[in-house]
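**Q** Before I ask anything, here is the structure I am working with.
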Amino acid sequence: MISLKDYMSKRNRHRRLGLVFAMILLFLMGVGVEFSLGRIVAGLPDMADLFRRMAHPNFSYMGEVLEKIMETLEIAILSSMTGVMLAIPVSLLTAENISPNRYVSKMLNGVFAFFRTIPSLIWAALLVSVFSIGKFSGTLALAIIAFLMALKLFREYIESINENQLNSTRSVGASSLEVLRYCVLPNMLGMAVSVFFIVFETNIRSATVLGLVGAGGIGQMMWRDLNHLRYDNLATIILMLFATILFIDLLSYQMRKFLQEYSPAYKNLQHYRLHQIFKSVLIPALMTVMMVGIINSLNISLERLAVGYGQGRQMVLRMLQVDFSYYPKLLEGIFESFLIAVFATITGGLLAILFSYFAAGNLSPGKLTSLAMKGLINIMRTFPPIIMAIIFFRGVGPGPLAGALALSIYTTGVLTKMYSEVLENMQGNVKESVLVTGATRFEAYRHGVFPQTFPHFTSLLLYRMESNIRNATVLGIIGAGGIGTALTMNINWRNWERVGLLLLGVSVMIILIDRLSNHIRQKVK
Amino acid sequence: MLKVENLQVIYDNKTLALDDVSLTVAPGEFVGIIGSSGSGKSTLLKCMNLLVRPTRGKVHLEERDLMSLNSQSLRKVRREIGFIFQDYNLIDRSTVIDNVLIGRLSYKTPFQSLFRIFSQEDYVRAEKALSYVALEEKMYERADRLSGGQKQRVAIAKTLCQRPKVMLADEPVASLDQATAHLIMEYFRRANLKKNITILINLHDVALAKAYCSRIVGLKKGKVVYDGKAGDLTDDILKRLYE
């Protein structure tokens, strides 16, 4: 038992130390990403000019844009479908509780964990050099991303099925195949549609930037207009993209909600049986049709596949002969990416704490404030950070600052959205219990709601950190700092041995950060 | 008909869950197994259909040695042993009747089960089982829409579809309120009396065990410390059992 005085002084000391530590960290990161208010202020007129010129969208351009948006959508839909469908059977192999062989599942999980650290744009860049420029490479890259994402979601779901649930099917005398068919699959098929939409939401955003590396979609057009300084055209593209993404997010939300509550009504046993037979014929048939459709629409000749296979093999073989002498460039790039990510996470985190108060419907001072805040947040998180970086690029010039600012804005948007949802779904009367002491709403948030949900917030923040690290590795593609610059250059020059080293470095860093963040998450709980 | 001999179960090479347990159950008995948590009740039940493989000992159902069976014959035996869990373990997104039909799986060929081919007879059986637990009007509801008591009744219907000779129930009423618990216990009693199904049931509620079971087995730290008529269970024995 310590005395009250000790407790108070200790607590104060802790708080001051914590604050100083955060400040120093932020300052160091700021130095690292070459943060300078002067440059931002000096860049403001340029950025304002950019926005002014963007204020007059070229509406006659819409037809062309629509065509490319359709292509982008096609890439996103095809790749998401392919990925999710492939992930279902593979997840049965990788989930450790039902896998036929523990070692196979461990090995597969290791390989996939490595693949998961490679961002979609890098996949696309690699595939473009194998299968040449065009949407096939982009679709394949996103299909890989979709597959890995869906696989993780499915695997986590299967591993969350408790042993007794499996046992209850085993105890009727079912074989292990029947356990899969009747205990695991029914829930998974329903889940597959939601997973598809989750993956789709990510992929539609990634698909808009694939063009930066020549892998099809609207990105190519955007890049061209930007370089030709056609800001009126750019504005048209951005507006239409915004509308498209907003529409898809809404559709996805509605679909997922509908599925969660879907249960049709049946008249009698006969009707029900018919329905079931219909379903068990229809679902496999539908899947087959979709598969055939996908393969046809990709319109890829065997010849090209063969050439691609040869080149791909060459590439992978050379990558495996890692060129370790290239490490100074690797360390420099990785460190910069790391700084960008940490800077963005801290800035985004601090802003999100504040913004969430205004955005959460149950805390916000007014309905209108909450609505306005939510609108702002949605704009901030609609575009992939790399597009935002292009805008900052015009203002503050090349280098990590543009990337750091862009990523900060994106992080603020996503984190505020997620955290304000946590606040809105909070159970109990935490807020009320502080309000009844005569405190203001903000005090109730600061001293009641926030400490209560702090573990949740940290967990979200750490997830953002993980995602930011991945994002920070591709910002370099447009020259906004980090390892991406070295990566794209070496991919373009086909220095596969060096690419091998860079990818390895990125992977190791990401896996380490994920581990660390997992560890912290457990601690905070 | 059900006989276990010298059962020993050690989890992870260190935790001793069952220590030399032997038990013989005659056809038509209604046995309650009591004991504090961690006494090995669940493990004992799960050994009886080999959901848990004992480290040592034997399990017999009607003269068949379960430990020596291959997996196909084991599945045939499991069909005769219904198992009910505390947490129901229904497939949430499937309808009630689909959950009940799972009880018919062991009567299907691999081809039939892969393509989900159930006959008219299967459906009629499932429907009958559901009406036995008075849930036929919930037949097409999704399982996650039901209350806890209703879920447990569906689980009983599923088990009845197997046409079992024995029913093992692991704390089937522990998460239910008093009234519902009695309702569920009534279903066990009726299955025992009308269908002559042998019942072994884990209960932590001694009053419930005394009210429904004809024979009571008391477990403590993996050992049988009482085995006798429900009526002979004295406060003294109980005190020793739970101390």
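Just so you know, glycine gets a Cβ as well, placed from its N, Cα and C.
Nobody curates TrEMBL annotations by hand; they come from automatic prediction.
Features from TrEMBL:
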- A:69-252: domain 'ABC transmembrane type-1' (DOMAIN)
- A:334-517: domain 'ABC transmembrane type-1' (DOMAIN)
- A:107-133: transmembrane segment (TRANSMEM)
- A:139-158: transmembrane segment (TRANSMEM)
- A:179-200: transmembrane segment (TRANSMEM)
- A:234-253: transmembrane segment (TRANSMEM)
- A:274-295: transmembrane segment (TRANSMEM)
- A:338-359: transmembrane segment (TRANSMEM)
- A:371-393: transmembrane segment (TRANSMEM)
- A:399-416: transmembrane segment (TRANSMEM)
- A:472-493: transmembrane segment (TRANSMEM)
- A:499-517: transmembrane segment (TRANSMEM)
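Give me the local environment of each listed feature.
**A** Packing against the transmembrane segment (A:139-158) from elsewhere in the chain are residues 75-76, 78-80, 82-84, 86-88, 90-92, 94-95, 97-98, 109, 112, 115-116, 120-121, 123-124, 126-127, 131, 184, 187-188, 191, 195-196, 198-199, 202-203, 206-207, 210, 215-216, 298: each is 6 or more residues past its ends and has a CB under 8 Å from a CB in it.
A Cβ distance under 8 Å defines the sequence-distant neighbours of the transmembrane segment (A:179-200), meaning residues of its chain 6+ beyond its ends; these are 76-77, 80-81, 83-84, 87-88, 91-92, 98, 145-146, 149-150, 153-154, 157-158, 161, 165-166, 168-170, 248, 251-252, 255-256, 259-260, 262, 283.
Nonlocal intrachain contacts for the transmembrane segment (A:234-253), taken as residues 6+ away from its ends with a CB within less than 8 angstroms of a stretch CB, comprise 53-59, 61-62, 65-66, 69, 73, 197-198, 200-201, 204-205, 208, 218, 221-222, 225-226, 378-379, 382-383, 387.
Tertiary neighbourhood of the transmembrane segment (A:371-393): same-chain residues 43, 47, 50, 121, 205-206, 208-209, 212, 222, 226, 238, 241-242, 245-246, 355, 358-359, 364, 401-403, 405-407, 409-410, 412-414, 416-417, 420, 471, 474-475, 477-480, selected by CB-CB distance under 8 Å and a gap of 6+ residues from either end.
Counting residues 6+ beyond its ends, the transmembrane segment (A:399-416) has Cβ neighbours under 8 Å at 32-36, 39-40, 336, 339-341, 343-345, 347-349, 351-352, 355-356, 359, 373, 377-386, 388-389, 391-393, 460-461, 464, 468, 471-472, 475-476, 479-482 in the same chain.
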**Q** Six or more residues out from either end of the transmembrane segment (A:499-517), which same-chain residues have a Cβ under 8 Å from its Cβ atoms?
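**A** Sequence-distant neighbours of the transmembrane segment (A:499-517): 113-114, 117-118, 122, 126, 318-324, 326-327, 330-331, 333-334, 337-338, 462-463, 465-466, 469-470, 473, 483, 486-487, 490-491.
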